[in-house]
Amino acid sequence: MMGIFLASVGFMFFSVLYVQQGLSSQAKFTELPRNVTATEGQNVEMSCAFQSGSASVYLEIQWWFLRGPEDLEQGTEAAGSQVELLPDRDPDNDGTKISTVKVQGNDISHKLQISKVRKKDEGLYECRVTDANYGELQEHKAQAYLKVNANSHARRMQAFEASPMWLQDTKPRKNASSVVPSSVHNSANQRMHSTSSPQAVAKIPKQSPQSGARIATSHGLSVLLLVCGFVKGALL
C-alpha cells in the first residue's frame, strides 16, 4: 500500500516537472524586430515582443546597438534575417545598451524609437529578453539591421555649414571724389590756373587801386577846367 502511494506521488511529481518543462519550451518571441531602411531625418521604430511559457518572476527587455556598418562584412548588412540567438558571448562587451524595460508577468514588449535618424545610427541592433524563472535565468535574443540612406539636402546643408562664409558690407560707400578734402581741390584749381597759357592771362586786364585813383583825379581836373572856361567866357 505504501509502495503504491509513493509511486503515485513520484508520478505526480514527474508529471508536474514535465509540464513545466513543456511550458518553458514554449517561450518565444511574439514579435521580432525587422530590418529597417530609412532616410536621414526620419523617425525609426523597431518592435520586440516576447511571451514566456511559464509563470515568471519577471521579464526584461534590453535594446542594444552592437556595431556599425564598418564592422560588418560586405553583402551581409541587409541580408541578416531575424534569428533568435543563443547567449554565446559576454553581453557587457557586445555593444552599447540603449534602453531597458522590466515587467512582472508572462508577456513583455518594447519599441525602440530613434528620432531624426542619422548616418551614424546605421548598424546592427539587438533585442535581448531575460526570462527570470524560478531557479534559473533564460536569455533570448533577436537582431535587426538599420540602414540609413543619405539625404542629399542634408548633405548640401552640412557642406554649406562647413564651407567658409565671406561677409559682404552692404553699406553704400561714398564717391571717391567726394571724400577728397577741399584743400586738395583748391590746390588742384590753383595748379590749373598757374599752368594756363600766357595769352589767356594777357586778355584779362589787371587794375590796381593806384591806377583807379589817377583816372578819377584826371577826370575831375578836366571838369574843373571846363567850368573855368565857361565862367571866363561869360565874364568877357
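Glycine is no exception: its Cβ is also placed from the backbone N, Cα and C atoms.
Worth saying up front: this structure is predicted, and the values here are computed from it rather than measured.
According to Swiss-Prot, the feature compositional bias 'Polar residues' maps to 175-199.
Sequence-distant neighbours of C48 (disulfide bond) (same chain, six or more apart, CB under 8 Å from its CB) are F29, E31, L32, P33, I61, W63, S109, H110, K111, L112, C127, V129, A142, listed in sequence order. Per Swiss-Prot, disulfide bond is recorded for C48-C127, and the stated evidence type is sequence analysis.
Per Swiss-Prot, the feature domain 'Ig-like V-type' maps to 27-143.
The N-linked glycosylation site annotation in Swiss-Prot covers N35 (among others). A sphere of 10 angstroms centred on the C-beta of N35 (N-linked glycosylation site) encloses 18 other C-beta atoms.
Annotation source Swiss-Prot lists N-linked glycosylation site at N175 (among others).
Residues annotated as region 'Disordered' in Swiss-Prot: 168-213.
The feature signal peptide is assigned by Swiss-Prot to 1-24.
All protein chains considered, the CB of C127 (disulfide bond) has 27 other CB atoms within 10 Å. In three-state terms derived from DSSP, C48 (disulfide bond) belongs to an extended strand segment. Here the domain 'Ig-like V-type' (27-143) returns a mean pLDDT of 83 for the predicted model.
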